[in-house]
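Visitor: Mind having a look at this structure? Questions to follow.
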Amino acid sequence: MNEKSLEVCILAAGIGTRMNSSIPKVMQPLAGRPMLGHLINSVEALNPANIHIVIGPETDSVRQAFPSQKINWVTQTERLGTGHAVMQIMPHLNKDARLLILLGDAPLISSKTMQTLIDVNAHLTVLTSVLDDPRSYGRIVRDEGDSISAIVEDRDATEEQKKINEINTGVMAANANALSAWLPQLSVQNAQKELLLTDIISIANKESMLVKPVIAEDKMEISGVNTFGQLARLERMLQQRYARDLQDAGVNILDPQRFDKRGELLCGSDVFIDANNIFEGRVTLGDRVHIGANCHIIDSIIESDTVIKDYSHLQGCHVGPDSQIGPFARLRPGTFLRKKVTIGNFVEVKNTKIGENTKASHLTYLGDANIGEHVNIGAGSITCNYDGLKKYQTRIDDNVFVGSNTAFVAPIVIGAGSTIGAGSVLTKDVEPETLALSRAKQKTVTTWTRPKDKD
Ligand code: UD1
Ligand code: CA
């Protein structure tokens, strides 16, 4: 173990030229969270004395995304290379510290791997990996022993060096005082005309310092992201790992290739997840919950034995046990369904409580409503909750039977046990146990003929 205190530096000032995006590269989402967020999480597990993050100018969005973290944000006003980026943090660094350097665009290095690197007893340690396709990465030039003599960037490499398939992951650990002696020796004599951090390896070698590699076995961990293609490949690798972890924990995921978790997914036993589902934020699925294909579920709780049928969209809702939702249902924030509730196709529910055994099976909008038990909402019924200015409540008490195509003009109360005739537009409260109708009487016109073509 190393006795020195640990400080961490994350380089995140790059503009992501290869993405042609106005969003800073480290803010591009991976599994629903900015790349930088993944890294900060892993770093925090090491409990370092300080976390320095180098960002570019005009990147307030990056700072604002991580407000509560104990981070020392350091601005690199001119982007003159990775070596130059590390120089920016040197005045903030305790010279006796051990410094772990990470790249913001290699987001999945685990805390375990970071710790392994820190613990190696050398002046400088470099995390490397052996890739089938080493293109675009810096190549590791080893000397006869097991130490590294140089890192050559892809653009500076000779044809011979390009064949080396051991690459620089970009993760390094060094003693701060040694680093402060190496950095001023960097020069811009390279293809990129930048101060390259990787050049400290040959500088350290000249000073007979020990430079040791640690080989990372896990290809996903070390993957760097420069293009949207690489981001998408990393996303898939990560999603397959999430799926496998859930499968190992006893969740029946039909196809791990078609599974997306962008947040936290907590599952009970005998949960089944069909293909092409997206889980976002914090989602909880109770025992025996069945999720059909192509659903998108965000920040929701679904209690046991409930079935969510294909193509349903749920956000910020609580679905009670034994319920049937969808296909093609939309449950919006503030939906609270108690138990054995049926929400069928093309039904939208928002900010609404629905009691036990109540059904809205087809083509309905229920917004800002409080609906009792054993209510049947006929097809095409709508709560008219909005007058263009304000929202109003609809209350439908227990055992109400609502005929098809009813409009509830809120605010309105529909008393328990009442029946509403189909096609009604209700503007007044309905007494319990009564029948309410508000529609024109059907007429029969015998003198009328349908227009006909002349010829
Ligand atoms: C870098 C390494 C390369 C390694 C690869 C791994 C160098 C010179 N090269 O190359 O050996 O194989 O990562 O993915 O280190 N950054 C700044 N300020 C700058 C320039 C970059 O903060 O002035 C940050 C970027 O935001 C990025 C990181 O440093 O997060 C790496 O920069 P990038 O330009 O992507 O380096 P690569 O060409 O990928
Ligand atoms: Ca990169």
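Cβ coordinates come from backbone N, Cα and C, glycine included.
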Visitor: Can you pick which of ARG395, ARG439 TrEMBL lists for the same acetyl-CoA site as ALA379, ASN385, TYR386, SER404, ALA422?
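Guide: Matched candidate out of ARG395, ARG439, per TrEMBL for acetyl-CoA with ALA379, ASN385, TYR386, SER404, ALA422: ARG439.
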Visitor: In three-state terms from DSSP, label TYR386 (acetyl-CoA binding site) for me.
Guide: strand
Visitor: Can you tell me whether DSSP puts HIS362 (active site, proton acceptor) in helix, strand or coil?
Guide: strand
Visitor: Counting Cβ atoms within 10 Å across all protein chains shown, which of the binding-site residues ASN168, ASN226, ASN385, SER404 comes out on top?
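Guide: When each Cβ's neighbours within 10 Å are tallied, ASN168 leads.
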Visitor: Since the record lists LEU11, ALA13, ALA422 as binding-site residues, which of them has the fewest other Cβ atoms within 10 Å of its Cβ?
Guide: ALA422
Visitor: What are the sequence-distant neighbours of TYR386 (acetyl-CoA binding site), meaning same chain, six or more residues apart, C-beta distance under 8 angstroms?
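Guide: Correct list: GLY367, TYR392.
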Visitor: Find the longest CA to CA distance in the recorded acetyl-CoA-binding set ALA379, ASN385, TYR386, SER404, ALA422, ARG439; express it in Å as a whole number.
Guide: 22
